[in-house]
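Listed in Swiss-Prot:
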type	residues	note
REGION	1-166	region 'CPSase'
REGION	1-169	region 'CPSase'
BINDING	S45, G218, G220, L246, Q249, N287, G289, Y290	L-glutamine binding site
DOMAIN	170-357	domain 'Glutamine amidotransferase type-1'
ACT_SITE	C245	active site, nucleophile
ACT_SITE	H330	active site
ACT_SITE	E332	active site
Amino acid sequence: MKRQLILEDGTVLIGTGFGGEIEKSGEVVFTTGMTGYQETLSDPSYCGQIVTFTYPLIGNYGINRDDFESIHPSVNGLIVNEICDHPSNFRNEISLNDYLKERNIPGLAGIDTRKLTRKIRQYGTLRGRLCNMDADVEYIVSQLKATVFTDHVKRVSTKDPYPSPGRGHRVVLVDFGMKHGILRELNKRDCDVIVVPYNTTAEEILRLSPDGIMLSNGPGDPKDVPEAIEMLKDIIGKVPLFGICLGHQLFALASGANTSKLKFGHRGLNHPVKNIATGKVAITSQNHGYAVEEESVENTELEITHVALNDGTVEGLRHKKFPAFTVQYHPEASAGPEDANDLFEDFLTMIENFKKEGEELCQNA
């Protein structure tokens, strides 16, 4: 079955269709990860996007029940050079092709993914549509140019609060499109976690008596989530806070800094990040299309703690007065290296120190 990818600039790439037979539009992006395709297609941060894999062969170890990062996949489509029809792995339960058919997610194989990746790198992220061969190219292009993708966080966030009990520190995890890996890392440390929707107010969060607040990853432009920014303005300084990815960007906006769209984003499993204080370099998993503007941090109470070695963009922030820090990358990995996993320990240490300071103030009062 032939299928085509039509881009907003009029480019048409023809290949072989796989997966669902539906037509889908989305922001066409690329990821450089050689593995981790199951985590990618189930990562809510990819909501509304058509993901191109730069590695030439995808699907060779199939799909299993353990490696999902959310219950429902959020991608609008997959593009690969070659899809493996006969996966081989002891954990394999279903092929990638069959899984995408079940979930009605379209895929495109047999195109020059290097050519497509170079185009995105040169011209920036493009809107595109995976469609049948009889599609009207001119009409599709006009529709793509007029399309604005919004409300991604609303689509992927939990609708209702729910607990993930533990015996340790109580952590309220604000779900902007949370990867399960973040929750797993908190559970490993026996945290008593309450997951809440993206639009939960500061008053509602504080009513839960949290020891700490975790801001999750999520899709899209952080400025599309004004209710979260307002919530953070009322939260910062009252409870220890740790933010990841979109949570990092929202924290920056709430603190007076600014964010902007990257030309083609950071998506992959091997992005080097430098800790400014120690000089240590961590290889990190990343998935974001926006970043905090470095110059906008200067007139705030924030300090930059980490930078990307590939392009110098801001990768970490810390508040100068209050117990709060954030990173742009994914310390929970899933998939990817675990170089930055100790940030979860730093978060718990910050909570303990904040508690001790509060106890000392009470004793001295």
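Using N, Cα and C of the backbone, Cβ positions are placed for all residues, glycine too.
Measuring Cα to Cα from Y290 (L-glutamine binding site), the active-site residues that fall within 10 Å are C245, out of C245, H330, E332.
Distance noted between the C-alpha atoms of Q249 (L-glutamine binding site) and H330 (active site) is 13 Å. For the pair formed by G218 (L-glutamine binding site) and H330 (active site), distance between Cα atoms is given as 11 Å, rounded to the nearest Å. Taking Cβ-Cβ distances under 8 Å and a sequence gap of 6 or more within the same chain, the neighbours of the residue listed as 'active site, nucleophile' are S45, S216, N217, G218, N287, H288, V327, Q328, Y329, H330. S45 (L-glutamine binding site) has a Cβ environment of 29 other Cβ atoms inside 10 Å.
For E332 (active site), the nearest of the binding-site residues G220, L246, G289 in terms of C-alpha separation is L246.
Sequence-distant contacts of G220 (L-glutamine binding site), defined as residues of its own chain at least six apart whose C-beta falls under 8 angstroms from its C-beta, comprise C47, G48, F149, T150, H152, V153, L246, G289. Taken residue by residue with DSSP, Q249 (L-glutamine binding site) is part of a helix.
The Cβ of N287 (L-glutamine binding site) has 30 neighbouring Cβ atoms from other residues within 10 Å, across all protein chains displayed. Spread of the L-glutamine binding residues is 13 Å (greatest Cα-Cα distance among S45, G218, G220, L246, Q249, N287, G289, Y290). Cβ neighbour count for G218 (L-glutamine binding site): 30 (other Cβ atoms within 10 Å of its Cβ, all protein chains included). Neighbours of the L-glutamine site: apart from S45, G218, G220, L246, Q249, N287, G289, Y290, residues of the same chain with C-beta atoms within 8 angstroms of the site's C-beta centroid are G177, N217, P219, D221, P222, C245, H288. In three-state terms derived from DSSP, S45 (L-glutamine binding site) belongs to a helical segment.
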